[in-house]
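J.: Can you keep this structure in mind? I'll have questions shortly.
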Amino acid sequence: MTSSLPAQDRPILSETAGSPRKRLYIRTWGCQMNVYDSGRMADVLAPLGYGPAETPEEADMVILNTCHIREKASEKVFSDLGRLRLLKQEKEAAGQRMVLAVAGCVAQAEGAEITARAPWVDLVLGPQTYHRLPEMVARASRAAGAQIETDFPVEQKFDHLPDAQGQQGPVAFLTIQEGCDKFCSFCVVPYTRGAEFSRPAAAIVAEARRMVARGAREIALLGQNVNAWHGEAPDGSTWGLARLIHALAEIDGLARIRYTTSHPRDMDDALIRAHGTVPQLMPFLHLPVQSGSDKMLQAMNRGHEAELFFRLADRLREARPDLALSSDFIVGHPGETAEDHAATMRLVEKVGFALAYSFKYSPRPGTPAADQPFQVAETVKDERLQELQALLRRQQDDFNRACVGRECDVLMTGAGRHPGQVAGRTPWLQPIHAIGPEGLAGQVVRVRITAAHPNSLSATLLDEKELACA
Ligand code: 5AD
Ligand code: SF4
């Protein structure tokens, strides 16, 4: 399961010691795991003298860190590459050099096509080969022709990436698991990210400690199939995710723990119980179900029926009554009838979501669903998506409105959009802002929620003591 948080499209700014001699611009598409990977690529290149660039124009190296999960990703990459070709030519005419790299899942899936269609690309690297970047950059500086690295030695990637440097914002992302063996009919992840791999517990706890020492107060554990994590424990046994969360909860200064993205089949008893017993574990869970129809769940190879999802929702809310659920949905998977779609609508009505992402099915070449007969017409997909999104929007608005008047803890993350405002996140991942000093960033403060807007909340600060420390 991949995280479906909104796409990031911003430069990664990584702190480097001393003043950098060269500048690096990374454009990131897709999930939080790609954002994490971009940070690590910046870290791995820092010792080579690469510091952050704000724009491709001022960069000596540009990396496009791509996502292949849904439609048209590769066209967007190729159109970016077209623009960058001109920039590269301009720089070369001025006697400067620019290294151009394509990383991520499009690189993994379409490496050969990239070098054929865009021979001005210097490096093509799959998600498991970032630790080899320095060596590849050195080779690219010498050799003509693109370097391609898209093997799958995922263990090596984590063993060889250096520790992140510099300050860390209050919210950190930590990849604990990569890849997926579930082979849902529609999904490219098993082909682009490879087989499921869990990092050892000790490495994860050590990285989490370093993140907290550098300023993190919240850690989101990332993995395509994060709740399938089963890593080697310090005593040689194997831990599941619940046990890892208990270990992380012992880190002083770590106020909040989340994990994303989970598969319903891997929500085991211990993990459900952890939601009731670990106060740092936030009462918000992203648990994609994709469809409410048993027939579609089977066609999608999800390995469970809608009933399992209903039971999980009940049990999670029993363990943690204020737990809010989020999910992903696909409309118009091959073979989906009006009755199947109605079953999805019923599931949404019955469960109730605080947030959800919904997509029209888009065929991904090489996946089983892409070749199935009974593809659903685009107009039908559009109608179904609109109907589903209207319901999900209503539920999100209801959830946000129901928060008004409540008190809750907010992790402040920085300045708000308007002068004098400070912004943060509620336990339920809602963006929230209040009048208060920016210096509160990194603190968990008590607020009363005063208003709900379409995508955020307003609040007033309650905790005078925290204010005094700011
Ligand atoms: N078409 C539409 N949506 C997809 N997703 C994954 N593959 C496809 C596809 N081929 C959605 C799923 C997944 C989310 C990250 O992206 O809902 O949970
Ligand atoms: Fe998630 Fe299924 Fe894709 Fe695996 S194959 S990442 S479980 S959607």
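Here the Cβ of each residue, glycine as well, is placed from N, Cα and C on the backbone.
Positions annotated as [4Fe-4S] cluster 1 binding site by TrEMBL: C31, C67, C105. TrEMBL lists C180, C184, C187 with the feature [4Fe-4S] cluster 2 binding site. Annotated domain 'MTTase N-terminal' per TrEMBL: 22-142, in sequence order. Taken from TrEMBL, the feature domain 'Radical SAM core' applies to 166-398. What TrEMBL records for 401-463 is domain 'TRAM'.
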J.: From C31, C67, C105, C180, C184, C187, which binding-site residues have a C-beta atom under 6 Å away from some atom of ligand 1?
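T.: Near ligand 1, sequence order: C187.
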J.: Which binding-site residues from the set C31, C184, C187 come near ligand 2, judged by a Cβ under 6 Å from any of its atoms?
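T.: The qualifying binding-site residues are C184, C187.
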J.: I'd like to know the mean pLDDT over the domain 'TRAM' (401-463).
T.: 94
J.: Sequence gap of 6 or more, Cβ distance under 8 Å: name the residues on the same chain that satisfy this around C184 ([4Fe-4S] cluster 2 binding site), in order along the sequence.
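T.: The answer is Q290, M300, N301, R302.
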J.: With every protein chain in view, what's the tally of Cβ atoms within 10 Å of the Cβ of C105 ([4Fe-4S] cluster 1 binding site), excluding that atom itself?
T.: 27
J.: Distance between C180 ([4Fe-4S] cluster 2 binding site) and C105 ([4Fe-4S] cluster 1 binding site) at the Cα atoms, whole Å?
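T.: That comes out at 13 Å between the alpha carbons.
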J.: Determine, to the nearest whole angstrom, how far the Cα atom of C105 ([4Fe-4S] cluster 1 binding site) is from the Cα atom of C187 ([4Fe-4S] cluster 2 binding site).
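T.: Pair distance, Cα basis, whole Å: 12 Å.
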J.: Around C67 ([4Fe-4S] cluster 1 binding site), how many other CB atoms lie within 10 A of its CB?
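T.: Other Cβ atoms found within 10 Å: 22.
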